[in-house]
Amino acid sequence: MNLEIVDLFNGHVNSIPNILPHQLATLDYLVRSIIDENKSVLLFHIMGSGKTIIALLFALVASRFKKVYILVPNINILKIFNYSMDVAINLFNSEYILENIFIHSTTSFYSLNYNDNVINYNGLSRYNNAIFIIDEAHNIFGNNTGELMTVIKNKNKIPFLLLSGSPITNTPITLSNIISLMSDENINFGDIIIQGKKVFQILLNENGVNVLKNILKGRISYYEMPSTDLPKVQYHGKKFLDTRVVYCHMSKLQEKDYNNVRKLCNNEMFEKNMNNVSLAVLGQLNFINNLDILFQEQDKELYPNLKISNGILYGDELTTLNISSKFKYFIGKITSLTGKQFIYFSNSTYGGLIIKYIMLSNGYSEYNGSQGTNPKLINGKPKTFAIVTSKMKSSLEDLLNVYNSQLNKDGSQIMFLFSSNIMSESYTLKEVRNIWFMTIPDTFSQYNQILGRSIRKFSYFDISKPVNVYLLATVYADFDDDITSLEDYSLDEINTLPFDIKKLLYLKFKTKETNRIYSILQNISDTYRMPPHPYIVELVLGEIVRQFFYHHSRISFDSKELINAIQLVLPNIDMAKKYINEVVNGHFFVSNKVFDKSLLYRYKNDIITVPFKLSHERFVWGVNFRKEYNVVSSP
């Protein structure tokens, strides 16, 4: 990161269309490392810091010299990248060749390069002299995409830009895959990793630390958004190590079936079953693997006060909630909370069934669906919920547009957004005031990713109000342990604890090692001080102009203040004046604090900001913005 660029923007205004200082500073580093030196880079920027825009700005710069291939996890994130590309282009006041940029989902890229599940090696020559940008890079390994990337890297000797807010998903092994893609070193991972009996006992040894430092030195960009730009996070519940957890004590009914299932699930292979009964017990549903079979039952009794018929749950148990200590706490708590709520859960089939009918039975209506019993209202309209799963790929974008809209700032359109793992990455949620974990996440990465959907820059109009986080753990009726240290229990003792508590402790063990490695990556992150790289000088100057004319509506054409600002990048006064003349005659777009959206014009001996707005006739049949010439028809 070029700190000299950051220093150009003291008092930077972030509330207008802009490129943030750290984004420009990182862009400078990427140009020097990837384009000039042909090195691969890991962009390890914590969630919410604008990795996508940095990557797309870099793609636009690189498109002048090479073809750029961008890989994203799925079709919904592809839509986000396409939208963000329009944002990046609007901020990009320099030349680019859009035809040299190709954005693919991993599935479409797979189809493009495989024939009958075999890599089409002859077709890989198209990637010679290219650059690859991979979003959520930690997720591509262990599948065909990871295999293909390794083949392309070895065959074409091209650089990669890997984007990740959490490069370790579960264990250091994930990071080892990233290292192999970024370098030409042949690493025996048995030499750098200590392998224990449990997953959380996989550690990086001293040799591994040295390998990490030696290979990744000069290949890491680390950045974390200052917390001053974010709302305070208020964790609720009982103190648990360095966080807080809400203990949800089971009823006798839940504890009985919970224990029965646990006896059958004595190792991590059956974690799904334990996640289910930790969320809620449903009698026979807990003991079969194919839920679809039971969903076809007619009036099947699960408990005396709970039945299932054609996949529909009904009965008083959905309101007394002896089947779920978590939902008993949740339903009781939300009546006193205001604002939008985001709720994470796993096992979408089982969890989605429970959520839907508990919410309906307790007066909450389904968005664009069934109305709740005795509906609870907000502003005279039913309080609604939506459940997001991987099956919603086509409609997710529309749903999130409603959830994030200004009209829904108070949750009056959609108040409760329940989501499975599909929402753990790349999406942005706005104005969420309450975040719930109905399932304990599997990894530190997943936990941070879920929080990062909401707690991010520009997601809150008022950052003085806190965001509440509720991490719920199902526990036995008599369990009330204070857990203050990872040394409180032996491994044998941990196995006897409530499943959620055991999972939390495992998570914290893994988090300890993850944080150790992240600290190493942070320390070897590249920072330097140099004038902006020639390829991005226009972008830096453009941001200086945007910031200057936010504060100034009218100035003299030979304003010393403006000339001095430009000379920070173009020291030669003639070049500085020439640049000012070009941006004024080109009617550069700015956002002014008085006139808002404006264009720069010369009026006599002054530079003025002229406000504008786009308008159209009342009845417009069509405007095709993809054509060079547009024809607008109206009555």
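Just so it is clear, glycine is given a Cβ too, placed from its N, Cα and C backbone atoms.
Marked as domain 'Helicase ATP-binding' by Swiss-Prot: 32-185. The annotation ATP binding site is assigned in Swiss-Prot to His45, Ile46, Met47, Gly48, Ser49, Gly50, Lys51, Thr52 on the grounds of sequence analysis. The feature motif 'DEXH box' is assigned by Swiss-Prot to 135-138. As annotated by Swiss-Prot, domain 'Helicase C-terminal' applies to 326-505.
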Open item on the list: Can you name every residue in this chain, apart from His45, Ile46, Met47, Gly48, Ser49, Gly50, Lys51, Thr52, with its Cβ inside 8 Å of the center of the Cβ atoms of the recorded ATP site?
Closed with: Gly165, Tyr223, Met225, Gly452, Arg456
Task: Secondary-structure category, per DSSP, in which Lys51 (ATP binding site) falls - done: helix
Open item on the list: Using a Cβ cut-off under 8 Å and a sequence separation of 6 or more, which residues in the same chain sit near Ile46 (ATP binding site)?
Closed with: Gly165, Tyr223, Glu224, Met225, Asn448, Gly452
Task: Number of Cβ atoms other than its own within 10 Å, given for His45 (ATP binding site) - done: 22
TODO: Run through the Cβ atoms and count how many others sit within 10 Å of the one on Thr52 (ATP binding site).
DONE: 22
TODO: Could you put numbers on the helix, strand and coil content of the motif 'DEXH box' (135-138), residue by residue per DSSP?
DONE: 2 helix, 0 strand, 2 coil
Open item on the list: Across the domain 'Helicase ATP-binding' (32-185), what does the mean pLDDT come to, as a whole number?
Closed with: 88
Open item on the list: Using a 10 Å radius around its CB, how many other CB atoms surround Met47 (ATP binding site)?
Closed with: 23
Task: Cβ neighbour count (within 10 Å, all chains shown) around Lys51 (ATP binding site) - done: 24
Task: Distant-in-sequence Cβ neighbours of Gly50 (ATP binding site), under 8 Å, six or more positions away - done: Leu20, His22, Gln23, Lys457
